[in-house]
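The structure appears below as structure tokens.
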Amino acid sequence: MKIEVTPTENINAEITLPGDKSISHRALIIGSLAEGETKIHNFLSSEDTLSTLNILNSIGASIKQISEDEVIVEGKGKDNFIEPSNVLNAKNSGTTMRLMMGVLSAQNFYSVITGDDSLRERPMKRVIDPLSKMGGRFFARKNGEFAPITILGTKDISPLVYKTPVASAQVKSAILLAALYAKGETQVIEPAKSRDHTERMLKYFGADIAQKDTTVVIRGLTKNLEGREFFVPGDLSSASFFIVAALITKNSTLLIKNVGINPTRTGILSVLKMMGADIKIINEKTLNNEPVGDLLVKSSSLKGVEIKGEMIPLIIDEIPILAIAATQAKGKTTIKDAKELRYKETDRIRAITRELKKLGIDILEKEDGFDIIGNQKIRGNCTCESYNDHRIAMSLAIAGLIADNPIEIDNFECVNISFPEFTEIFEKIRSI
């Protein structure tokens, strides 16, 4: 599907976003591990989260979607999964594959998990290595690196003390989910703090888990987790597209309600504020052990910054839209230490560089990031490629709002992977 984006003068709107993708995945998995009913409100029904739902049902979970954003999980406890009769397909979802590898490694049965063309080229050895040390057996392509992956699980999961080579919430979460089955204490130590949704949710459901700085300590379950009512806050990664839209269009004010403001996710807000963004968090509260608030965003004059090191894991998903903000910032913006972007749904460093050059932006590609010279006009009258990457597609749509002429974006349907309602909300903010 090809779409055309035409420029807009300003944005003045109030919006509410669908549920957070990371949290929706985890609520399905942890609810299935628990005993009793878990009712999930504001669930994100996207291609990625439905991959998780379908895989869980394939191994014996009982999950019913009773409306677009409401799901009921009839939890049977951690020891009641069954061997699947077919290959499990995570499609495009790396979160599904990596977190489910943690669960499957601790089951006393055989399973095979695969994905689409893109996911089968994403690195999995970083998850296989620690789970193998815990007792799971894995067989994968290219010397244990790529899916399809055969898993011979075991009920004799061993506790582990593990230092992750990179900060990765998915690697950490896979270990923590397997550790629920271990007898004793498992520690995960990261070089920098990554998203902590899994830790917060496990604690909310009754696990014995503690965090200190970049170390997480969890004890294996002596009784099942308990099903809970759960509200999924709005997705801050999804909000970031509209935040940047309001910042870079003139005379704009945008209110985004009930957004998750977990400190391990607000890196994008910190970076944008460093750039001079007028963003305020109001009406703060805590729901299900997750901080939530409303975001008030106003047009701002931005300046270039350098982003590197420990900040990168906290904004890794938002770098494509941050690049759009950088095109309108005064001076140079540098992104470095972000080589992980090359192993996402597409090589995002290359994709961002190629598409921004089409739009007339002065950008220099580097091995681990890029430099953007800002304060530039975005040139329209061209067709951009999404590379079937949802975050690239949505970032280009935001760029189109301030282009001097309309732009077209190919394969825009890929936004359904994470944000099926994007086009509807995008049109809403333009029309008010």
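Heads up, the Cβ atoms here are built off N, Cα and C, so glycines get one too.
Remember, predicted model here, so these are calculated numbers, not experimental data.
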- Which one of Lys142, Lys285, Lys344 goes with Lys21, Ser22, Arg26, Ser168, Gln170, Asp317 at the 3-phosphoshikimate site, as Swiss-Prot has it? Lys344
- Message: Using a 10 Å cut-off on Cβ-Cβ distances across all protein chains shown, tell me which of the binding-site residues (Arg26, Lys344) has the largest neighbour count.
- Response: Arg26
- Task: Mind telling me which of the binding-site residues Lys21, Arg122, Arg348, Arg391 has the densest Cβ neighbourhood, counting other Cβ atoms within 10 Å?
- Result: Arg391
- In terms of DSSP three-state secondary structure, what is the assignment for Ser168 (3-phosphoshikimate binding site)? coil
- Largest C-alpha distance in Å for the 3-phosphoshikimate site residues Lys21, Ser22, Arg26, Ser168, Gln170, Asp317, Lys344, as a whole number, is 20
- Query: Around Gln170 (phosphoenolpyruvate binding site), which residues of its chain at least 6 apart sit with Cβ under 8 Å of its Cβ?
  - Reply: Gly94, Thr95, Arg98, Leu99, Val127
- Task: By CA-CA distance, flag whichever of Arg122, Asp317, Arg348, Arg391 among the recorded positions is nearest to Ser22 (3-phosphoshikimate binding site).
- Result: Asp317
- Query: Just counting, how many other CB atoms are there within 10 A of the CB of Ser22 (3-phosphoshikimate binding site)?
  - Reply: 28
